[in-house]
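Copied over from Swiss-Prot:
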- Gly11, Pro12, Ile13, Gly14, Arg15, Met16, Gly101, Thr102, Thr103, Ala125, Ser126, Asn127, Phe128: NAD(+) binding site (BINDING)
- Lys39: NADP(+) binding site (BINDING)
- His158: active site, proton donor/acceptor (ACT_SITE)
- His159, Gly168, Thr169: (S)-2,3,4,5-tetrahydrodipicolinate binding site (BINDING)
- Lys162: active site, proton donor (ACT_SITE)
Amino acid sequence: MNKKTRIAITGPIGRMGRMLIKEIQNNKHSHLTVAVVQKKHQLIGQDIGRIIGIGEIGVLISDELNIKKNDFDVLIDFTRPAGTLEYLKYCNKFKKNIVIGTTGFSKEEIDIIKSYSQKIAIIIASNFSIGINLLFQLIKKTTQIIGKDSDINILEYHHRNKIDAPSGTALEIGEVISKVMNWNLNQDSIYYQKGITGIRDAKKIGFSIVRAGNIVGKHTVMFSSYDEEIKITHTASNRMSFARGAIQSALWIHKKNTGLFDMTDVLSL
């Protein structure tokens, strides 16, 4: 009988953390063993299951200083860049693999993550839903066929509390398009603002961003020519698709030794 993969979660009290824990407990191949919060958090020592409303599960909330080597097999982290880099240090120290769903990293921070992947296995993705990763493939194919004849725009919508813009997923869509078109995303992007903007440059990707209400996530890519327009849209109804993808990633990476991976590796796309 195969042992369950023991998973540690950072930010367990947040919306994503709660969803992850519920899905971990429902997955027959995984179970939660560590729920990590910041130092001196008022809920340290309490049962995380009771706190998130699923009843006691025997896992007490702890801070990062209490992570022990034998507590977990894989860490799932959806926090902020500075926190992720600290958790990477722990994983590297204890030779534990990590799944990173945090977005908003700088180029320098990405380079740090890449350096850690020489010592442990890391999965990093802007979006863990299977649907959005299929969308990446559709965008790639569409760009190959009509990209040179289209104005391309990315529209992304998220809840009012999201602090980074554009979203990591929108930027990844932009990278998919840029690679096909041989563009530089940083140089070949348009962020729409008020005022006289001038005629639209054909060889750039337009970004439009909405932050409102409780929108989980919606991404639309428009390919517009003089004769027709194609829209490809993915809408997340809730965060469960992200949670399932992250846990699938944790199970996949458990036995890996080193390397930097993404959802195309997990899904064999």
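Including glycine, each Cβ sits where the backbone N, Cα and C put it.
According to its DSSP assignment, Ser126 (NAD(+) binding site) is coil.
A sphere of 10 angstroms centred on the C-beta of the residue listed as 'NADP(+) binding site' encloses 9 other C-beta atoms. Note: the CA-CA distance between Lys162 (active site, proton donor) and Gly101 (NAD(+) binding site) rounds to 14 Å.
Annotation: Thr103, Ser126 are the recorded positions among Lys39, Thr103, Ser126, Phe128, His158 whose CA atoms are within 10 angstroms of the CA of Gly168 ((S)-2,3,4,5-tetrahydrodipicolinate binding site). Taking only the Cα positions, the spacing between His158 (active site, proton donor/acceptor) and Ser126 (NAD(+) binding site) is 14 angstrom. Of the candidate binding-site residues, Gly11, Arg15, Thr103, Phe128, the one lying closest to His159 ((S)-2,3,4,5-tetrahydrodipicolinate binding site) when CA atoms are compared is Arg15. Cβ contacts within 10 Å of His159 ((S)-2,3,4,5-tetrahydrodipicolinate binding site), excluding its own Cβ and spanning all protein chains shown: 13. Cα distances from Thr169 ((S)-2,3,4,5-tetrahydrodipicolinate binding site) to the binding-site residues Gly11, Arg15, Lys39, Gly101, Thr103 are smallest for Thr103.
Note: the (S)-2,3,4,5-tetrahydrodipicolinate site is recorded as His159, Gly168, Thr169; in the same chain, Thr103, Ser126, Asn127, Glu156, His158, Lys162, Asp164, Ser167, Ala170, Gly217 also have Cβ atoms within 8 Å of that site's Cβ centroid. For Gly11 (NAD(+) binding site) paired with Lys39 (NADP(+) binding site), the C-alpha to C-alpha distance reads 12 Å. Here the CA atom of Lys39 (NADP(+) binding site) lies 27 Å from the CA atom of Ser126 (NAD(+) binding site). Taking the Cβ of Arg15 (NAD(+) binding site) as reference, residues of its chain lying under 8 Å away and at least six apart in sequence are, in sequence order, Arg239. Rounded to a whole value, the Cα-Cα separation of Phe128 (NAD(+) binding site) and the residue listed as 'NADP(+) binding site' is 28 Å. Under the DSSP three-state reduction, His158 (active site, proton donor/acceptor) is assigned to strand.
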